[in-house]
Structure formats: C-alpha cells, structure tokens
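Reading through the structure tokens given below for one structure.
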Amino acid sequence: MYTFSLTRCLQLRRHPNLLNQHRKIFSRTGVWPVFGSELDSHCPQVELMQDDVLTNNVRKEVDAYWKEKYSSVAKDSTSSVDNVHGQGKKYVLAMFPYPSGKLHMGHVRVYTTSDALARFYRHRGHQVVHPMGWDAFGLPAENAALEHGVQPQLWTYTNITQMKAQLLELGCSLDWHREFATCHPEYYRWTQYIFLKLFHAGLAYQDQALVNWDPVDQTVLADEQVDEAGRSWRSGAAVETRFLTQWFLKITRFSKSLYEGLSNPSLENWRDIPKIQRHWIGECNGYRVEMLLRRRDNRDTKQLLQLVTQPLVRLWMPQLELIHGISFIGVRPGHKLDSNESKAQLRGHYRVLDVMAECPLSHRYIPIIVSDKLPCHDEAEYHVGIPCISEHDKNIARTCEFDTPNVLNGDTIINSGDLDGLSIEEARLEVQKRLQASDAGGYQTSARLRDWAISRQRYWGTPIPIIHCSQCGAVPVPAEELPVTLPDITTFKGKGASPLKQATDWLNCKCPRCGSAAERETDTMDTFVDSSWYFLRFLDPNNSSLPFTPEAQAALMPVNVYIGGKEHAVLHLLYARFMQHFLASEGLVDTHEPFTRLVMLGQVKSDSYRVKTTGAYLAPHQVNFSVSPPVARDSGEALEIISEKMSKSKKNGVDPQELLEEYGTDTTRLLMLADVAPASERIWSSDTFPGNLKWQHRLWLTVGEFIHARQSQQGCSGDSSLSSEEEKSHRQQLYEVRNWCIFNVTRKLNHSHSPSAAIKFMQTLTATLRNMPVKMIMTKEYEEALQTQIIMLSPLIPYFASELWSGFCSVATSTSTKKDRGLLEQAWPEVDEHYSLPLFYKIPDKDVQLVKVPRKVLERLTNEEAFELISKEEEFQQYLVGRTVTDTQLTIIKGLNGYVRFSFKIHDKVAVQEQRKKLRAEKKKEKKLKQMKRAERKKETM
C-alpha cells in the first residue's frame, strides 16, 4: 500500500533498536508508532520484521495504560429501580465462583464471555447489571482447617482477595459495589430467613432417610451430587448409603410447576436443558399422599402410638380417587422401615411389619409389608396396593389376610363415604382438595423426584436456624434473632460429625417457645441453598431489613442472560428455579422463572498423557514429543493421549496467569473468545493462537495506516489510476460490508451470544478495509467502516480497542465520529436506514422464508403492510390457495429483523389437499435429488 525506501529497510535491519525507540504507544506520546504503516508495504526486506510491529510488550503496555485510565472511572453499573431507562435493563450474570484461590481456564471462559456481553449491552444503551460475588461456603475450606490448621474464614477471604485481583486483571467490568460472599453473616442471615419461610410453609422438615454418604468428605450428598457411576461429584469417592436424620426441602411440592415451567415461552435459547431437567423431575402423573405412621403398643395390642422416629410415609399415587381402596403399602427389603425396630410377621413371601400407616382422610390403619416380589413402580419408594384395580394386589392382600375394599364401579366411586356416587374426576378433585387442606399432600408430582436433602455434617456452612427442645420439638429461631452465626472454632477434630457439637457455649441455649434448656441444630445447609437465591440479593445487597425489596426485583428480574457451565444444568438450575417458584408462591417475587436466556458453556479441555501400563498421568514436560506417537520421556513407555477437562490430578491444566503474563489481558481474552462456539467444548491449544494474533496485528496496522495517510494526505494523490466508477464501486462495497457486519455481529451477540461467531464477521470487515486502495482511506465510507470496526471490538478487547480508537480519533473528520466521547461511551453501530433487513415468515412444512425490506420501511410496518409485502411472494400465494388469513402478528427487532406469524382458516378443503399433495411431491423430488448428488460425490471420491 505504501512506498518504503530500501535505504530505510536496510537501516532497520542493521539497527533494529531504532524500531524499539518507537514502541511507546500513541496514548502516551500522541504519535502512532511510525513503522506500523510502513511495515505493511511490499518491501520484502522487512517482511521478517512484521511480527515485531505489535509485540507482546506493546500489547501489555496498551493494557496497562488503559487499565490505569479506566480504574479511576470504574465501569460499575449504577442500575437501580429509579435508574432503569433508555433501552431498558439487562441483567447479565455469570455463575459466581467458589473461591478456591486461583482462576482456572473454565473461569476465564465464563467471565470473559459474560463481560463481553455486558459491555455489548452497555454500548446498546441498556442499563446493565453485571454483578460478582463468592459462593464461599463449602468443604475445601474446612478440609484446609483439618489438614493445614488454617481457619476456614481466613482461608476463604484470602482466596477471595487473590481471585478478585485476577478478575480485575482479566479486565472484567463488574459491579463491585454489589459484591458479597455467601459466608458473610449479612448474606446468610437472609438464607436463614428464607429457610424459615419454607419451614412455616410446611416445606422444610426433618426425617430419617437413606442418604448418599461420601466416605472421603464424610458428609451427605443430594441425589444430584452423585454421578452416573455412583461417585461423589466433588471427591470422586464411591458413594455409600446410610440412614440418617436429615433436613429436607419439599421440592416435590413444586414438581408440576417446575416441569411445566420448562415450556414457558419466556425461556430463550435453553437448548437441551429443558429435556435434561424434565428427565430429572419426571412426568407429574401422580399425587403425593402423606400418612402418619403408628406402632402397636406392646402393653396393649389394640392401642396404636405415633412412630416418632419416622412419623410419615410419603406415597406417590397415580389414582388419588381410590385412596379408600388401599389395602396395604409395600416396601422393598432394605427400606428404612425394614429395620430391627419394626418387628415383622411372615405371611407367605411377605413380611408384615408392626407399623401401620394412618389414612389422613378416613383415619383407618393400613398395614405395611416388605417383599422383593411387589409390582412396584421402578422409581416410586412405596408400592400402594389397591386390590380393586390389580389382581396382583388382590392376591397379596388375600395371602396376608388384609381387607380388599372395592371402591370402584365402572366410572363411579363406591364404598368411600361421602365420595360415593362421584365420578372418577370429581372424586379425584375432592380428595386432592381435602389432602391439601389437611397438609397431607394432594399435589401433583412424579414418582422420580425426591425431596431435597440439605443437611450437611460440617462447620463451614449456613447454620440451620432451628432449636431442638425436649418439650416442644423442632422450634424455629425467631426472625428477629437472625442471623444464627457460626461460633469460632479453633480445632477441627475430624470428619463425620459436625464440629459445631464441640462449641458447647453456642450449642446450648433456651427454647424460644417454652424457655427450657435446648440445643441448636448442628447440621449446616448444603451450599446449593446459598446459591439458590443469590441472584436476587445482588439487586439489593446492602439492604439490612429485607433480602431484597419488591421494587428491586420487579424492576431488574428476571436475569436476562445467565452464563455458566452446562454441568450445572441439574444441580444448580433446578434448585434456583425451585426457590424462585417458592418465593413467587409467597408473593415475594413477580416471576416464576429466574433466568430468561442461558448461555451454557462447554468445558475447557486439553490433552492429558497417561501411561498405558500404570495409568499414571504425566505433565507435558515429562513427554517426549520428538517421536510419533509421543512416549514417556524417562521410560519410553506408550501413552494414552486424551482430551480431558483440565485438572491438577491429570496434569493437563493451563494457568491463566501464565497467559496474562505472556500476552496481556486483551489478547488472553481474544484467545479464549475466538474460534469456538460457547456451547462447544474448547480444546485448548496454542495452534489456534497465530490466526488471532495476526488479526490483532492487522487491526493495529490498519489504524496506523489510516493515521499515516490522513496526516500525510497521501491518499489525495495516490492511486491516480482509480477511475470514478472504481471508486464508486469501492464506496458501495464499504457501505455493504459495514452494514452486513453490523447486522451479523449484533445478531450473534444479541441472540446467539456467540463472541466467536461475531469475531468471524469482524475479520471479514478487516479484510475488506485492508484490501481497499490507498485513495479510499480518505473517504467517509472508509472512516465509517473503520469506526464501526473499532467500536465492535470494544466488548471483546476493550483496552486494545481503546488504543485504536484514540489513534483513530486523532485524524477522523466525519461528523458521524463522536470524538468528544471515549470508546466505552460510544453508541453501538446501527445499520443505515436504506440497508435492507430480513422480514421472516413461516409457511407450515417449509423452511423459514424472508423478504428483504429497507430498515426505514421495516421499522414502520403495520400488520397489514407486512401481510401485503409477503402476499407478493409466489410460495406464500401458493400456500394461500384454499386458505384465508385470519390473523397477522408482526414483531420488529429494531435494527435487526422482523418476524410475521399468521393464523389461517381453511375454506376450500379440496384445494388444500391438492396443495399438500403437490408439496409432498416436491419434497420427494428434492429428497431424491439430494440422494443423487450424494451418490455422485461418493463416486467421485472413490
């Protein structure tokens, strides 16, 4: 593009230090590095020097300058209830991290993605909420106390300090004024407050249960925390089962709501998450029935007493209307009721226990049997024996000499008291109503889902705000006495029992109800309880009177974009949805679903090297790569090379700090965001670096050349051979590519939330700019295209883009360039009014169709005008044969597209049948043509 003297080339080759003299960046000197433009010339003598134009030192100098500049005007969102204006709010939330001490590459992927989206929405004029906090309770802190004598509080807060510094170094524009840690009493006070809400609503209860036990961490695990191989999600140990008294949250109460909520049209881009959650919840095709357990008094065989240690059985019944027809309840061997306490009588293949269930409606006693020959539903805990609808149940009842009540005559209920004469549906609704009124179930649920076990036998967790009194039972701590804070414990004796039992001054207390001596609950809550509502606290983090105000949640919920790992699709998302549904049922929040859009990121993986004979993992420096395939460096043994999730144990981790130290902040961000779609697994490899580094280099050169040409007016006399027609063509090309790029980058960030796809479109714009003749640099079209390029870079690499913007503005002359504002204050580019945008519409059994409409026309369209436009399309006209449009609904997304939905009515069935027949023939023809083409391609490759 530019002339560059051979003398100057040779001078630089002999004295490369001259090049380094110009390494100071523009923002410090007011002069763009001189050789940035010259080195892009066609002079072969300096071809080898081009990689030195944008060195890593320059990259880091740019980062350092702009970090320092922006630190004084930190880009905290100032969103509040009174400050939601303009384009409206955008709540962008990345799943907050556990403070382990150092960021890993998975963190880098999550937080650079969320930051890119938050910055994008700020440019779009939205009031952005982009908070950060710490999921700070958990076993690692307690294990550190056991192994190293470090107090959990000190270990946790030290790690938070370190990780916060790394997030700042990563350039994340977070709302630090909203920051909190879940281990702080001012946070877990409100976790306890919500627990008490659940308790008073009858949704938190204590029960003996067969639980999952982690023998390494020696604590209870929820079902969701056990993988398919039966191992703990955290320690990896083979999980055991034990009977323990636990606290549960009645998530089953919201089974149907949670299941149906997955079809809520407000949920966008959830991909396969609804399928995963539906599978976990199970189809809600039955009802919960809760019955008290009674045991016979040995002194009086006719007297039944309540069984205190196991007060309830919780049944799943598909046919609730037949509750008076239950003859017996069955459990499998090894069930919690099948214990030494429950003596049994053998009748045939069945053991009849000396405990019975009390029907909550009729109060009759129902026997309980143990057998491995019951026709149990695979996923139900109990078998409900109803002889009038099951021959198998009838035979069991006769063998055990139980009553066999017949409560069904065709579709009419009989022998059921005041339910007699009701239809099946009428009786079902009546039983459901009565059970709900007596707090004995009656709600729809699945056989699969179990209530959420939240008890953990550890110190470093939210204390459960319950006091155990020998007179009053489990008594909730009064709300005004919250928080129940953790006592200071200086020694941790070991695992298996809660260390809180050691803190006798804390443990022993008075019953708030009767004043008797009592003890505090020593189990703490599962950390998933802490994270089940944290997104609400971010809205009002300093409120000392409520967990959040009604105004804050009404203005800022739901979360618009939620970013995190797909591995949390069941664990965290289900619990967060449950908590939101509960709070909505209490009238505390306005929306049932907490998250609108999910961006579930694939794992970051890298190659691991495992010795085939021993299974031992080797670090890369222990591998000999000079042979193929690589072998162990010391022994020469064969290796198994697998791409696996980065971990210390597999010695395949990459430390983000090393990347930051070598390449700087923005380049590290770019290397993470580019190339791979968010939902895809990222196989980390330095092989992907060169393409992105070269693009960054070309951007640097482009701005340098722009400055050089504008300052020297070189473009005014250059390219004299460029005809007016050629110039017009180039202007049109710049116009088209700029608008095309704006449209696609905006769409990818706003709808797909895919920075990698956006980058590909930006690279096309860069290529177009670099292929322009020198004379075009002086044009308004070139300046507008370069301006667009730099602003669109800002969300991804804000410091580097800020340096480009600073240099660009020094010579920009177009009135469209707002030089009085910094880059971060620039409005996001929009397509021009005359640029055509797609108006989409759908014909049944056809792919989505579109017509192109100039933006200024599209954004003023009425329903009638949209219908008129689409009616001109031949395929639409063909579809209308025999049909009449009854309704037209038009949705316009400003600056992007429109979508039209039609409702039809058939008025000529014969014509419609003919049209369908023709459509089937066309499809068959298309399919055959595709098959022929595939066969031809296959033949060519043979």
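Quick reminder: no glycine exception, Cβ is built from N, Cα and C everywhere.
TrEMBL entries are annotated by machine, without manual review.
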Exercise. Which one of these stretches, 709-734, 917-942, shows up in TrEMBL as region 'Disordered'?
Worked result: 917-942
Problem set entry | Positions on the same chain near the region 'Disordered' (917-942), where near means CB under 8 A and six or more residues out | 845
Problem set entry | Selection from 91-227, 449-607, 765-867, the stretch that has most Cβ pairs under 8 A to the domain 'Aminoacyl-tRNA synthetase class Ia' (644-673) | 91-227
Exercise. Under the DSSP assignment, what numbers of helix, strand and coil residues are found in the domain 'Methionyl/Leucyl tRNA synthetase' (91-227)?
Worked result: 69 helix, 26 strand, 42 coil
Exercise. Taking the domain 'Methionyl/Valyl/Leucyl/Isoleucyl-tRNA synthetase anticodon-binding' (765-867) alone, what is its mean pLDDT?
Worked result: 93
